[in-house]
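Visitor: Can you read through this structure? Questions will come right after.
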Amino acid sequence: MSASVAVYRDIYTEDRFRQTYGTEDQSRGRERLRDRLAQRCSCSQVDCLHLLKKRLPVCSWLPKYKLKKWLLGDIIAGLTVGIVHIPQGMAFALLTSVAPVYGLYTSFFPVVLYMLFGTGHHVSTGTFAVLSLMTGSVVERLVPIPLALNSSSPEAAEFEAQRIGVASAVAFLSGIMMLCMCGLQLGFLSTYLSEPIVKAFTSAAAFHVTVSQLQSMLGLRLPRYAGAFSLFKNVPHTNLAELVISLLCLAVLVPVKEVNSRFRERLRTPIPVEIITVIIATGITYAFSLDSKYDIQIVGHIPAGFPEPRLPALETVPEIAGDTVAITLVAYAVSVSLAMIYADKHRYSIDPNQVDTILIISNVFLGLTLAGLFTSLVVLIVLLLIGPLFYFLPKAVLACINVTSLRQMFLLFQDLPDLWRISKIDFMVWLVTWLSVVVLNVDLGLAIGVVFSMMTVICRTQRANCSVLGRAANTEIYRSINNHNKCYEVPGVKILTYNGPIYYGNRSFFKADMVQLLGLTPERIRSREKALKAIEKREREAISSGFSNLTLEGQCTAEFSSNPDQTHLPVIF
C-alpha cells in the first residue's frame, strides 16, 4: 500500500505548548481556589436544606412516598425480612460468641437507623455471617470461656458481660474508623477489594463458618477454634441426639431454600422455613425434655426488653485495633456492593459515602423505605414478648441455619470456569485469596489477597503491550499490524501505541520495546550524531573558505539508519 501524509505546523516544546494553548497561570489558580473555599464555607437556607436531605435521606424520599402504591408491598417485605431476621440474628450471635439475644438487638437498631439514613431502597441491615465470624474470633481470643464452666453460675454471667464488652468495643471502634474514613473521604479504599477478592473471601469465610458450627451440630464440647484435626479426633464423642436434630433440620432447610431460590419469581414471598424450624424444634425439645434426657445444648434464658446502655470495653482497643481495620473494610465493601447491586437492578442511585454515615451511626450507637419500619416492629415484638419462649431452642438448629444460609457462598465456585476464560489473572487472584483465607485465617488471608491483587496490577502496567499501528485501507482506523495483516504502516511515519501509563516502574520496559520496534539503538543514535557533526563541520569549513554558502534549515526529524542520506521518520504516539 502506498500513501503519503503531510503535516504542517510549528514545532512545540511542552512549555511552549502550554503558553500557546492556555494553561492557567498560578495566580488565577489561587484565585479560583479561594473562590471555591469561600463557596464551600458559605451558608444559606438552600445549602442547609441540601445538606439535610443528603445526610438524612428520609427527608427526601418520605414526602414523595406513594402510600397506596407502595405501602402493601412494604408491609409484606418488612414482615418477611423481619421473620428471617429473628432466627438468623440468634444464629449469627453464636458466631460472635455472645448470647443469642444480642443478635436480636443487632437486628433491631440498625434497621431503624437505616430507614432514616440509608439510600438503598432494598437493603435491610443486620447481622452478617462473615463479620460475625471475624468479630467472634476477637472475642474468643480475648475472653476464652473454660469448657467446664457451669452456664448458670455467676462466673458465666461475668464472662458473658466481658464478651459483650469486647464485641461492643469492636463495633464502637469500627464506627470511629468509619467516621475517619467519611471525614477524610477514604471510602475509595474499598475499591481495592476487587470482585474476585470479595467473592473468594466470602466463600473461604463460609468454609470457616461451617467448620466452626460442626461442633454444635455434632454436640461436641470443644473450644471455638480447636481446629479441624481436634474436631475429627473428637467425632466419636458425638451426641447422637443432636446429630439427629441437625440432620433433620438440614433435610428440611436445604430443600425448602432450594425451592425458594428456583421459584422466587413465582412465589409472592419466600417460605419462612427458618422461623418454622425454630418454632417446631423449640416445641419438640420442650415437650419431650430433650435437654435433660439427652444433654442437648439449648439457647437458655432470653430476657425480654432491652438491656441498660453501657460503655464498651474501651481498655481493649489497643488489642483489637488491627482486627477492627479488616472488619471495617469488609463491612463497608459488603454494604456498598450489596446496595449497588439492587440500585443497578432497580435503576436508582446511591451515595457510597453515605454508607459510611449509616455504618458509623449503627456501630457507635448500637450497632429506605418504610419496609425497614415493619421489619423492626417484628423484631421488637420478639424482643418484648416472644423472646423468652425460645428458651428450649437447641443450638444445633441455629448452627444448621448458619450453615444453610451460606449455601450461595459455596456456589461461587461455579463462577470459576467463566472467570478462567475471561481473565486468568483474576482467576489467580480468586484462588490465592481463597487458599490464604482457608489455610491461614480470615484477616491475614484477606490482606494477602489484596496485596497479591495489587501486585498483579503493577505487573500488568509494567509489561503493557507496545505495538506499531497500521491504517486499514480507505479508512481512518488504525490497528496493530501484528494482529491485522491487512493494515499497513503509513510511509515515513511510525505510529506506536502503548496500552498503559508510563512511569518509573515501567520506563525501562517501555524503552526496550520502543528500541525493538523502531531499531533506535544507542549505537545507531551515536552513529547518526557523528554523521550530523561531520556534515556541520564540512559546511562550516566550506563557508569559511568561501567555496559554498550552504545553510541548515531547522527541522524535527528522527533517523533510524546510520546512513544520513536516508529518509527521516517522525514518531507519533
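Just so you know, glycine gets a Cβ as well, placed from its N, Cα and C.
Just so you know, TrEMBL annotations never went through curation; they're auto-generated.
Per TrEMBL, the feature domain 'SLC26A/SulP transporter' maps to 71-354, 370-433. Look at TrEMBL and you will find 70-86, 92-116, 169-189, 240-259, 271-289, 324-343, 364-386, 425-458 tagged as transmembrane segment.
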Visitor: Tell me, roughly as an integer, the mean pLDDT over the domain 'SLC26A/SulP transporter' (370-433).
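Guide: In the predicted model, the domain 'SLC26A/SulP transporter' (370-433) has a mean pLDDT of 81.
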Visitor: Okay, the transmembrane segment (92-116) and the transmembrane segment (271-289): do they have at least three CB pairs under 8 Å, pairs separated by 6 or more?
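Guide: Answer no: the transmembrane segment (271-289) and the transmembrane segment (92-116) share fewer than 3 Cβ pairs below 8 Å.
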Visitor: By DSSP, how many residues in the domain 'SLC26A/SulP transporter' (370-433) are helix, how many strand, and how many coil?
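Guide: For that range the per-state counts are 59 helix, 1 strand, 4 coil.
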